[in-house]
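Going by TrEMBL, these are the annotated features:
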- 7-23: transmembrane segment (TRANSMEM)
- 29-49: transmembrane segment (TRANSMEM)
- 61-84: transmembrane segment (TRANSMEM)
- 90-111: transmembrane segment (TRANSMEM)
- 123-145: transmembrane segment (TRANSMEM)
- 151-173: transmembrane segment (TRANSMEM)
- 185-205: transmembrane segment (TRANSMEM)
- 211-233: transmembrane segment (TRANSMEM)
- 245-264: transmembrane segment (TRANSMEM)
- 270-291: transmembrane segment (TRANSMEM)
- 303-324: transmembrane segment (TRANSMEM)
Amino acid sequence: MTFKARLPGVALASGLGILSVFLSRSGLIPFAGAITIAIVLGILVGNFAPVSRIRPEGISWCETVLLSWAVALMGLNLDFGVLADMRGGGGAAVITVVIVVAATLGIALVVGRSVGLPRSLSLLLGVGSAICGSSAIAAVAPLVTRDRSEIGLSISVVNLLGVIGIFLLPAIVVLQGLGESSGGLLIGGSLQAVGHVVAAGFSVSDGVGELATVVKMFRILLLGPVVIGVGLAMRSRGSASWRLVPGYIVAFIVLAVVGNLGILPEGWTGAVKTVSKVMLAVAMAGVGLRIQVAGLIRQGPRALLAGGAIFVVQIVLLSLFIRFQGG
């Protein structure tokens, strides 16, 4: 496949991805990250703009190869120092978060099956709810599905619930009379994206916001084990031992270790993180360009029902743990 054949599609996805990063950082679209904006822009352009003449090779390259590279570079975003911060808040918080994350993944499969969702879509909803929203979905998606509408739908549902949670969770904290540590655990342990956690936590108090952010960072740290686990679970039975995990996941792990060892100059690390975010936005724009609105409409209500049920169970589980611990 020639570079010339790919160029128009890559250029279109790149333009939408870069625009989404700009809109996210400008604050013009509140509570929405670059990944979500990129998916939405891609869907709108792909379905309602005259782009059908653009050959699909470049767009396909963005949503597959570029996405894998972007996920690999995400390893540099993991901060192992969060483990020390969590231990400082007590081992019970660490155990609680790990249990709730694992339970969320299992519950997502059960709930998804009960409402008739494909297993892959249920898993994407579970990973997005359990870990870190859009980024987690993007990291796991290449392992579990080739259906672009499932990726777009799961990202949309998780982010919609996160926006609702920004207003719901602070109200729950106040109504339950939770202290700073318990409030931070509830908000940081349930909301889907970092922006959601920051907005909700600091609306209660600075103390709750800071603790909620630490809890959220720990959940993000669990992305590595979850991605590896999903990769192992989804591999074909005939895979050779050295190919149990896709290459980009191996690169993800290596870069996570390298980033935490401090081997790379600080300026380089920051630059690579920025490039990773832009690449991820471009890849998600490519995904959006290939999504048909009809597919979203067909499964949308059931996906929203499943996502809402998963979110409610998360909140209930965390509340029970907090009560059990005397919070």
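Just so you know, glycine gets a Cβ as well, placed from its N, Cα and C.
TrEMBL labels come from automatic prediction, so no person has curated them.
Counting Cβ pairs under 8 Å that are 6 or more residues apart, the transmembrane segment (211-233) and the transmembrane segment (90-111) reach 3 or more and are in contact. Residues of the same chain lying 6 or more positions beyond the ends of the transmembrane segment (7-23) and with a Cβ under 8 Å from any Cβ of it are 29, 34-35, 37-38, 41-42, 45, 51, 54-63, 277-279, 281-286, 288-289. Long-range contacts of the transmembrane segment (185-205) within the same chain: residues 31, 33, 93, 96-97, 100, 128-129, 132-134, 158-159, 161-163, 165-167, 169-170, 172-174, 178, 211-217, 219-220, 311, 314-315, 318-319, 321-322, 327, each at least 6 residues beyond the stretch ends and with a Cβ under 8 Å from a Cβ of the stretch. Scored on C-beta pairs under 8 angstroms, the neighbour of the transmembrane segment (303-324) with the top count among 29-49, 90-111, 123-145 is 90-111. Residues 83, 119, 122-123, 125-127, 129-131, 181, 185, 189, 215, 218-219, 222, 226, 306, 309-310, 313-314, 317-318, 321, 325 of the same chain lie 6 or more positions beyond the ends of the transmembrane segment (90-111) yet place their CB under 8 Å from a CB of it.
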